[in-house]
Amino acid sequence: MSTASAPHRRRTTASGQRALPYVDGNRAWKRMACMTVSSFGTQFLWSAEMSQATPFLLSLGISKSRVALVLMAGPLSGLFTQPIVGLYADKNPHRLGRRRPFIIQGGLCVLVSLSTFAWCQEVAGIVAESGSQAHQNLSAFLAVVSFYALDISINIVTVCNKCLMIDVLPAGEQQLANAYAARFSGVSAVLTMLISLLDLPHLFKRTTSQLKLIAYIGGPVFVVSHLVMCVTVHEKRFVPGPAASSSGDAAAADDQARGAIWKAMSNMVTRFWEVWRSLDGTLVQPLCWIELWAWLGWFPLIFYSTTWIGDTWRRTSGETDDEQATRVGAIGLLVHSLLSLLGWLLIPALVAHFRHRKYGGRSDGGRSLVDLWGYSQIAFGALLLLSPFCENSVPLSVLLIGACGVPWAITAWAPFALLAEAILEKPEWGDDDATEAEDTSQRLLAESVPVSRPNGEAASGHPMIPLQPLSSSSSSSSPSTLTDRSEPGADLASSLQLDGSAGSDAESETEGLIMEEQSYGHHHHQIGKAGGSSSSNQVPVAGIVLGIHNVFIVIPQFIISFISSVLFKFLEPGSSEPTSADPPAALRTHTLSEIGWIFT
């Protein structure tokens, strides 16, 4: 029996059909690539938005203080879109699954909003005469509206991509999947910044703008990456229990009769509050609080770094070319992306090596990853405090933005890996009495026990992240409390396992990451063997918990957007053209600029 064919046979039911969910591919790297390739497309558009959106909005005559308000599209869409989509997608009974319908519809909205944003002036020219004040105002209005629509659409796709990964893969493969997603994102970010550095209109001998050509490239990249993922990843259709189904139908009919959207919002807030209270004493709550403080610094760096470096270049060189300033500003994000990619390639293996040397086969409760994440945020804060000393030098400003790529690599990987494992390390929800979603929130984070071998070593060969408090011990728990995954032989794969001591079905994954094929096959074999009755009564909550996590990311973005708007309003000159040849007074006198104030 070959190791390539074994997983395939384990992922079949008694009738000879594959048990859902599963990912196409008979090798670990193939499944992980198919599962996470969508990150390449979303990151391409996200990186393009980071580097091009602010300069483009300024070029339309929108002041910096108003651009700061426009950039609230991100936190606004994240605050409402991701929680709502996550809540409804968790119980979506569509035949394609819970997540893919939202991904497809959100992807179509991404293409429409991206085209409108890039071609807003041409669209406005249909109604107003080109060059007139009405045309400029309408172009700015269309750009703002389409920018909001683009952010909302990308948020819909992003949260469903993350939830799909949690739904399909077992807990032991979550870190590996997040590592693959981070690598795809890193490569995509580097390519996007390289493309942004090129003078595309001159290269392709076109008179069109840089942003339009990037949109020409980004649209197909986004479509192809998500098409591959949707075709190769197969979800298990959500079938609610009879009681839950009738209750849901009654609630839906009541909402439709009343026609009250606010009631749905109120129910969502209530549901989120119940789940948040059930998270008390778990790893998820402190993780969310750390994200709240960390993103006070990350948000301005993401959206203002290109403009900050461009302003420094304009001041030191005396040049006034806005598109050239944008390309110079993109150099900083290119260095940032390169260091992030290097971090995503090396840091997971280094963490695994450290854990293996310090703890051996024992679980560290996620402490290594948490400590690394905390130290990276301290280093990031120290880098931001150095920004005033870099404002008069383009190389120093580029170096500063680039150096932030290392802590960013950890920020984009560690919390999601911890969160994904925390969501999955919970008891099964197969109780016959669990007919209401509200009832399940109190059981969501009941104490779970890491799967252990008889010798006390974690079954996955690496520390799993329990939902119970980190201080509590599970070593004395009896094996009878374990779920399906704890049956003999159900070894959960470790994304960061460095030794090759697994069973005969183990296959190695390149770049120092070794995972066990048996885990994936056994995980889905157990799903198929369990039948429909058990899974039907389970109420998935990945979308809800990710939505709560996202709220803690967007709240600091609101705070920073408001502070930025106030600072820009007081510090920028009265001119309505902030990108003209006459730079702001703060730049002419070499004092700390508006963006410099925000960084510090």
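The backbone N, Cα and C atoms fix where each Cβ goes, glycine too.
TrEMBL assigns the feature transmembrane segment to one of the listed ranges (67-89, 550-572), namely 67-89. Within its own chain, the transmembrane segment (292-310) is flanked in space by residues 50-55, 58, 71, 74-75, 322, 325-326, 328-333, 336, 377, 380-381, 384, 394, 397-398, 401, 404, 408, 411, 552-553, 555-557, 559-561, 564, 593, 595-596, 598-599, which lie at least six positions past its ends and keep a Cβ under 8 Å from the stretch. Here the transmembrane segment (395-419) has Cβ contacts under 8 Å with residues 162, 174-175, 178-179, 182, 185-186, 283-284, 287, 290-291, 294, 298, 301, 305, 308-309, 312, 331-344, 347-348, 366, 369-370, 372-373, 376-377, 379-380, 383-384, 386-387, 389, 465, 495, 545-546, 549 of the same chain, all six or more residues outside its ends.
Within the same chain, the transmembrane segment (180-198) stays apart from the transmembrane segment (101-119): fewer than three Cβ pairs sit under 8 Å, each pair at least 6 residues apart.
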